[in-house]
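**Q** Annotations for this protein, taken from TrEMBL, read as follows:
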- 20-39: transmembrane segment (TRANSMEM)
- 51-71: transmembrane segment (TRANSMEM)
- 91-110: transmembrane segment (TRANSMEM)
- 177-196: transmembrane segment (TRANSMEM)
- 202-225: transmembrane segment (TRANSMEM)
- 246-271: transmembrane segment (TRANSMEM)
């Protein structure tokens, strides 16, 4: 209590659907896509379709690899419960409590049903970071000082270093290595695009396979948190259960897409090289390439002067 009143937000935080960093990444890749669409009318014939398919698929892979680094829905869970709203108060509110786990921290969401209860607007979203350059316990302590609602503090406390649940270390290390392998996948994606711009298409296919492999490795790294015991998050009789979220399944889908595309390129290289070169616009006119000079015209005037 501060002067006999409960702590409160000076400026209430709303639920964040997208992280600002994710929006920046998406806008950058959309700019690349729009720039390409502006020049695509200058490409003639079926090659235009091949170029469009290649570029858009490549940009899709790149934007997913980078964007999921900043999303907060690798694991998600929601529960509806009647719970206390503030410390030292018996007032109960009916609310949806959400937990969203990302590679760099957790977001805890509290939304009232209805939003206006106990003379307040219950619509909060708090982020607690655990990346290696952030102090999770410090963020939690700041939340205590600001007087965050009890459900948010209760969920956030499960991930502190002092919690007997011991989930902080496991999630932090798993998220760190998952992020590192995704950055490696981004580098191999860049290399594959460079190789596809040169007449060494099979190596570009190999690098696509490597890109898909590192994306799968990131999923395996993150999924190791399932090997540890998860503390139950109880709100009365209701339990908050979390499961893999959209970012996890999107990364899996794009990783499998890289595998399919890489295997296709390698298979075409060995079984139908002409078709592969046509798709990547490397097909050369063999008739012109190997054209031989069949007739020679000699200027008799110069021949006579030479004699």
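The backbone N, Cα and C atoms fix where each Cβ goes, glycine too.
Any TrEMBL annotation is an automated prediction that lacks curation.
For each feature listed, report its degree of burial, its nearest neighbours and the pertinent distances within the displayed model.
**A** Long-range contacts of the transmembrane segment (20-39) within the same chain: residues 52, 55-56, 59, 62-63, 66-67, 69-71, each at least 6 residues beyond the stretch ends and with a Cβ under 8 Å from a Cβ of the stretch.
For the transmembrane segment (51-71), the list of distant contacts is 19, 21-22, 25-26, 29, 32-33, 36, 40, 43, 102-104, 179, 182-183, 185-186, 189, 193, 196, 211, 215, 246-247, 250-251, 254, 257-258, 261, 279-281: same-chain residues at least six beyond its ends, Cβ to Cβ under 8 Å.
Sequence-distant contacts of the transmembrane segment (202-225) (same chain, at least 6 residues past either end, Cβ-Cβ under 8 Å): 61, 65, 74, 103, 167, 170-171, 174-175, 177-179, 181-182, 184-185, 188-189, 191-193, 195-196, 248, 251-252, 254-259, 261-266, 269.
Residues 57, 60-61, 64-65, 68, 71, 73-76, 102, 182, 201-202, 204-209, 211-213, 215-216, 218-219, 222, 279 of the same chain lie 6 or more positions beyond the ends of the transmembrane segment (246-271) yet place their CB under 8 Å from a CB of it.
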**Q** Report, as numbers and ranges, which residues of the same chain sit near the transmembrane segment (177-196): CB under 8 Å and 6 or more residues beyond its ends.
**A** 54, 58, 61-62, 65-66, 68-69, 103-104, 203-205, 207-208, 210-212, 214-215, 217-219, 221-222, 251, 280
